[in-house]
Amino acid sequence: VLGSPDHHSPASPTTGTMHFTTPDYVIFALLLVASTCIGLFYALSGGRQRTTQEFLLADRSMSCLPVSLSLLATFQSAVAILGAPSEIYTYGTQYWFLGVSYFLGLLIPAHVFIPVFYRLRLTSAYEYLELRFNKTVRIMGTVTFIFQMVIYMGVVLYAPALALNAVTGFDLWGAVLAMGLVCTLYTTLGGLKAVIWTDVFQTIVMFAGQLAVIIVGAHQAGGMGEVWRKAMNGSRIASLDLNPDPTERHTFWTLGVGGVFLMLALYGVNQAQVQRYLSSRTEREAVMSCYVVFPCQQVVLCLGCLMGLVMYARYGEESPVYRQAIPHFSSCLQMVLYFVMDVFRDLPGLPGLFVACLFSGALSTISSAFNSLATVTMEDLIKPFCPAMTEAKATLLSKGLALAYGLVCLTMAYVASLMGSVLQAAFSIFGMVGGPLLGLFCLGMFFPWANSTGAIVGLVAGLAMAFWIGIGNFVSRMAVPTPLLPIINATTMPLRGNMTTAVMTTLITSITAKPKPTGVQALYNLSYLWYSAHNSTTVVIVGLIVSLLTGPMKEKDLTPGTVYPVLGNLLFFLPERYREKLCSINTQPYQMAQESNGVAQHKEEEKIEKDKKDEERASPQPSCRLAHTVQETAL
């Protein structure tokens, strides 16, 4: 039932459901229409998405600001928007210290990962793995990423729709189909340029929705001073916790240091973000986008914290979930939505604004997944085996892949509806894979003697470690009885990324206090914020050991520009001849690549490839089509 005379009446004890008014539906529909129009505009303007460079990389023509806002929106999923307030409501403001990790988490990608990727003129991040190691490593990395994103994108569409349905009676599958089809449409028609500009629009909607909730909610609570007073009295304003125990869920060290690895996995090597860097006009624009997104991330974090404090000021410890006033509420995802509907009960249209904000987060995440999945499938799994494919066919196939992944997303949303409690594990798989992929790229980029055998064994070891700890954590918690308590605890299954960690913290599981774990159980209880660090380190250590045992890679076998001379820089105090010997490589190729600044035009590259086409067919060449470009950039 979507309509009733009293649309914003308080939730009844039996249903707990509030309802949308006509203005709410209109605002929600406007979001879908605007997103579709942006896709149509870029499908019919410019080059009309006739080349893979335009469809997958926006012709490498994007400026800093839209790229920055797109970077911000990409993993600001709907579940993350709801997750931060519920985290603050439940545990207090300790989570705010995650902002400390943003500094290094964005500075390192800006000055390490972006220069390497941009100067190699890549389309897919996994092309780097073939240039650095071999085709097998590239395919393994690609398949791992596809597995990660396919599972995640269906769940991230279904979970907020389920919460919205529970609170407002909004049709569950109507919301899922509307969002999935609209997202598929504008991604398939408009390519990356449409995805980036819809991200910009959706970011504005997200900010507007959150600000509206904070302003109205604080006013109803008696002002921000009263909100702060109630939060202080309720012990929700956390002090600096310097406890070094890695099993503690949130401390300064887990948030500020462990969070750096989460950020690196997201902003350093994730294809969705790398693709945005590579769409920038110049390397400088790509680097600046990281600097611009830093204050934006801080604003997003502060908005989530303020919203959580306002929610606490309204309900205190007596939330609808805790007192079971709404029996079918199963998580704080639904509690936050209930709070929003409660605050806006007499303000028609504003609930629709927040739902538009919520689904803007879902749209930005899912569209990025479609586009990045189409890119890696085309560039890493199809083109290497079909080198004679024409540009027109490649572009058409890329659009077909984006459409296909849109349908897969809807299918995965249906699968998610059948998962039940396994939904938590599905979210966690996204994070389990992030750390090992980060470790694989770090192994190749920072350790010149690492070889392909070490990379393969290291990745397998990292994934095995990630799933062992993650599944062990999940199973051990499922085995514990979980009575409802006044203060609840969140499952510590990991999700990657500075904002997507909030997804995990919102899949609430009430647990009783337990004695401090020891042995293997202590490993299972490791804070989720250390998972990326632990798993990426496993890949690097195992990869280096195997590389040394099987024969380290020699400098002459390295593709120029694929190694960042971090060890040489760290050992600056040694004479140059010793640094070159210890690091197995000098910095000259990287410095030469730096002088080019990555501004070679794609048309010039196409001309070079065309001139050498006959020669390339007549003589054996490296399997990666970028080998010549890399040599020219470096030399």
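Heads up, the Cβ atoms here are built off N, Cα and C, so glycines get one too.
Because TrEMBL annotations are produced automatically, they should be read as predictions rather than curated entries.
Per TrEMBL, the listed range annotated as transmembrane segment is 64-83 (candidates: 64-83, 564-583). Using a Cβ-Cβ cut-off under 8 Å and counting only residues 6 or more beyond its ends in the same chain, the transmembrane segment (455-475) has close neighbours at 129, 133, 136-137, 140-141, 144, 424-425, 428-429, 431-433, 435-437, 439-440, 443-444, 491-494, 520, 523-526, 531, 534-536, 538-544, 546. Same-chain residues lying 6 or more positions outside the transmembrane segment (250-269) and placing a CB less than 8 Å from one of its CB atoms are 71, 75, 91, 94-95, 97-98, 100-102, 104-106, 108-109, 112-113, 125, 240-244, 290, 434-435, 437-438, 441, 496-498, 500-501, 527, 529-530, 532-533, 536. Contact between the transmembrane segment (204-222) and the transmembrane segment (427-449) is not supported, since fewer than 3 Cβ pairs fall under 8 Å when only residues 6 or more apart in sequence are counted.
Spatially, the transmembrane segment (25-44) is not adjacent to the transmembrane segment (290-313); fewer than three Cβ-Cβ distances between them are under 8 Å for residues at least 6 apart in sequence. Counting Cβ pairs under 8 Å to the transmembrane segment (290-313), the top-ranked stretch among 64-83, 95-118, 353-376, 396-415, 528-549 is 95-118. With Cβ pairs under 8 Å as the measure, the transmembrane segment (353-376) is packed most heavily against 64-83, out of 64-83, 95-118, 396-415.
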